[in-house]
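Asker: Once you've had a glance at the structure underneath, I'll fire off some questions.
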């Protein structure tokens, strides 16, 4: 029965029941964590073969062209590894760099280099716009990735939230904003299995984003393809040729594509990738060359030997899917069982990625998360998926099912549901 249809006496009875349920939850003295989308230990174990690579045989440290990967140089990264991930990402090898562990570092570099030097087609460094111009702004589809927002916030860039729809961000609004404001220099994007909603941008959304007119000549799409191959089903997403679409629209420099193996092999010891126009690649390497003489090519060689080819990556991701799909199914089952009849919440049912986005009764997300914390269930801060941690409706909670064991996950989600029911009942009673 929908809680919103209950009268005051019925809500008071429900409140009493939920308070007793919550007291029972607190009595269990739990210590559970749903805060970050980390790979579980058994997922990391899938890649333990990397630890024996590239081996200690004669010339085991050389790539296919004979390059000694132990030495300096090779700023583009190993060509053979770029071939593998170029196929998976839909990016030609000359347009793709293989870097060190973190794609987030590449994103941070791109924004900092743009501030200090301007982009390849910028009239002047972005920092000048902050000092004596209209400022610098980024569009932020929300709910979105909190670490994206942390980069722009830390660098003094104003963030503008844009709603997420079923086929990606609200392009009608985006087109209106970027056409009118030259201070809008970029936009964060997670085009496949977005964090946290699991939304995949449609081809039409991608096309409009690269074709639209912008008041800023150097507007950038920060295209973070973090979950390009991270399916929870037996279906895979065909990658949009974002670089090709942009070039055809005469905006070749607009998209910068990011990806990594962080949730494919080892989260702390993977390989990152940056894709873009040849102009953007040259621009990035020009500035990155001042801080490094080249990436960790030995680690890149490990990954090359471990996977062999793109099909090796696809097979590896099937093993991840076999571990993760039951966890996501478990969360969805519990949410439906505990919250479905009450109608106080809705949630996404993602086909891939690492998160489930839960919307509780407006005005109760912070209270729900606080109750969970007091009961020993750590959940990502309410509002974290919005710029400045400001969820205007106070309703969104990001659930990360990947790391906990299934037994702990069951207890944590059941407990979170109890907290959502209690906070919803409290809120509804204030309106009666």
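Glycine too: its Cβ is placed from the backbone N, Cα and C atoms.
Unlike curated entries, TrEMBL annotations are predicted automatically.
Pulled these from TrEMBL:
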type: COILED; residues: 8-35; note: coiled coil
type: REGION; residues: 41-73; note: region 'Disordered'
Asker: Pull the DSSP breakdown for the region 'Disordered' (41-73) and write it out as helix, strand, coil residue counts.
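Answerer: DSSP classes over the region 'Disordered' (41-73) add up to 10 helix, 2 strand, 21 coil.
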Asker: Take the region 'Disordered' (41-73) and find every residue of the same chain, 6 or more past its ends, with a Cβ under 8 Å from one of its Cβ atoms.
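Answerer: Here the qualifying positions are 79-80, 264-267, 269, 293-294, 297-298, 300-306, 316, 319-320, 323-324, 402.
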Asker: Let me spell it out: take the coiled coil (8-35), skip the flanking residues so only those 6+ beyond its ends count, and list any with a Cβ under 8 Å from a Cβ in it.
Answerer: 371, 374-380, 399-401, 403-404, 408-409, 411-413, 415-416, 418-419, 421-422, 425-426, 428-429, 432
Asker: What average pLDDT is reported by the model for the coiled coil (8-35)?
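Answerer: Mean pLDDT for the coiled coil (8-35): 95.
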